[in-house]
Amino acid sequence: MEVSSRIKELREEMQKHDYHYYILDAPLISDSGYDRLMQELKKLEEEYPQYITADSPTQRVAGKASEKFSPVRHRFPLLSLDNAFSYQDLLEFDRRIGRVARTLSYMAELKIDGVSIALVYENGVLLNAATRGDGLVGEDVTANIRTIKTIPLRLRHSLPRLEVRGEVFMPKQEFIRLNEEKEEKGERVFANPRNAAAGSLRQLDPRVTAGRALSAFVYDIIYMEGQTLAEQQEAWHFMQELGLPVNPEVRFCADINAVLAFTEEYAEKRHELPYEIDGVVVKLNTLAEREELGATARSPRWAMAYKFPAEEKETRLLGVEINVGRTGIIAPTALLEPVFLAGTTVSRASMHNFDLIKEKDLRIGDMVLLHKAGDIIPEIIASLPEKRSGEERVITPPENCPACDSKVARFAGEVAYRCENINCPARLKESLIFFASRGAMDIDGLGSAVIEQLVNKDMVKRIDDLYRLREEEITALERMGPKSAANLIKAINESKSRPLSRLLTALGIRHIGARSAKILSRHIHDIDDFYKLGVENLTSIPEIGPKMAESMVNFFAEPRNRETIEDLKDLGVNTREEAIEAGEQLLQGKTFVLTGTLPSLTRQQASEMIESRGGKVSSSVSKKTSYVVAGDDPGSKLDKALQLELTILDEAGFLNLLGLS
């Protein structure tokens, strides 16, 4: 292949990877794979400088602003850093800048694997925040940055203007928690903490960002009015004084040998840190000499990023173990030929879902490339098809649940396969906890500790077994005397008379919450009728969408679920909802807001009284609110209602409106 063609091919491939990495937050190759492409391109351009162009990945920072956010033009370009892949590269860097710099002392910092940001403060107050983007134009993420608690909205000391650069990252434990949550919901997981941080920071709704424990470190002053500094070490202390989050894991290094020692130390300690790092950043300490050295179009000449060697190992995929999660999700786990990786011996790895298995073309018997996502979770990066013998076997999703043999289902728009059997042994405890919860069958005294004992002692193997329990059996449980047992049996019996909407909620049908269960039970008054209805019938009901309808059809098509419902009926559990006559829809078209504590009604009871009469309960006050029902300690909702001159009712007035006084 001609040199010019190979250079063009490398640029196009890297631009594709830049798009997937920076814009979609879904990398197609590992960082080390990308670095190899960059090294090859750099080498070719050095040998054939006539082919260097202004838009080559070696000449600019990768990435561009997403169209979802307002673009922000950086007052000072946010450049990238040149990479060093060996200690020899660092020594060469030291020699190169030694030709200009008179004092070769450095600041060594950890290279956080996150998202670069620029923060601007005016008169000590956070004005705006932007991502790096292409180095010249980034994305305005101010609203989301404000949700990160480590970033101060006001500095300890006021300066006319301060612009700093930093990195937003996701701690390892939050990365694990978030991916577990996404797996339980049947959603695609994040590949690594960097992508999780990017995906969380670039949410259109700041509340989503706030729900994810992002953190940040600030490491450079880009511009400052009202203060002059001489060294990076001094800048670090000054940023700390201002209350900005600086990483304590930094070191002033008198020479390049001290830098090498710092790098060696953290190559060993990196797995002990609560966040992911992929190298060490080395910066000339003297700021005036940085000015003399200057920068290329892509990177400063006075700094370099040493990248740790990729911790990846090859091993063989021996088989796949299929497990059922607590919410019924079918989860594949890779069984591997044991291999030592990043401090531990690895013999198993999460495969997340069958879509990823297909995308990566993983087969039983394959040689695969393994790494640890977030330095913690073993994960297969890719298969190595060039090493196949032809005897490898394709991995396919199971048709039946491995725990209970029920048919598995998959919903539109989800990557997960699920077991729909509510009595599946793998998900029984969670099903029971939800069934007994306040918003469902509301069985007082039946908490997780009691359920744990009931299931572990085989006293409850299915949901309907709850209604077969005897007082003397419960008395034998730990911390359950005769009085507690009698109260629990009473609560179980009382739950039999709950309305159909509560039972539909309690069954834990995917996408069917308390509100949609109430809507369904207003239109369909007998649980038996759900057996006959298809998606088209259900979507004709107002507010019931295709996902809800599909979920209902799948649930009632499962024979084991039908059996449970029939047994619940036989045991005296109500499965009907009385049809409400048109005349009884007293509150049709009326919107209520509840605030404060009512003397005798819980908020849930008041809500049910409103909804059963055709009214709607809202969580916020507006001009469209018909009534505000206020109890003790009502808070700001009452203030707003008074401001808007809305009708305000106490409990007595509310009951009178309903004809229950």
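Note: Cβ is positioned from N, Cα and C throughout, glycine not excepted.
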Site co-member for NAD(+) according to Swiss-Prot, given Asp31, Ser32, Gly33, Tyr34, Asp35, Ser80, Leu81, Glu109, Arg132, Glu167, Lys283, out of Lys307, Lys313, Lys358: Lys307
Candidate recorded positions Lys111, Cys401, Cys424, pick with smallest Cα gap to Asp35 (NAD(+) binding site): Lys111
Taken over the domain 'BRCT' (582-661), the model's mean pLDDT: 85
Cα-Cα distance maximum in Å, computed over every pair in Asp31, Ser32, Gly33, Tyr34, Asp35, Ser80, Leu81, Glu109, Arg132, Glu167, Lys283, Lys307 that the record assigns to NAD(+): 26
Nonlocal neighbours by CB distance (under 8 Å) for Cys419 (Zn(2+) binding site), same chain, sequence gap 6 or more: Val324, Gly328, Ile330, Cys401, Ala403, Cys404, Ser406, Val408, Ala426, Arg427
Cys401, Cys404, Cys424 as binding-site residues, winner by CB count within 10 A: Cys401
Secondary structure content, the domain 'BRCT' (582-661) (per DSSP, counts of residues): 27 helix, 17 strand, 36 coil
Alpha-carbon spacing, Arg132 (NAD(+) binding site) to Lys111 (active site, N6-AMP-lysine intermediate), which is rounded to whole Å: 16
Which of Asp35, Lys111, all recorded positions, has a Cβ with the fewest other Cβ atoms inside 10 Å: Asp35
Neighbours of Cys401, Cys404, Cys419, Cys424 excl. site residues, C-beta within 8 Å of centre, Zn(2+): Val324, Gly328, Pro402, Ala403, Asp405, Ser406, Val408, Glu420, Asn421, Pro425, Ala426, Arg427
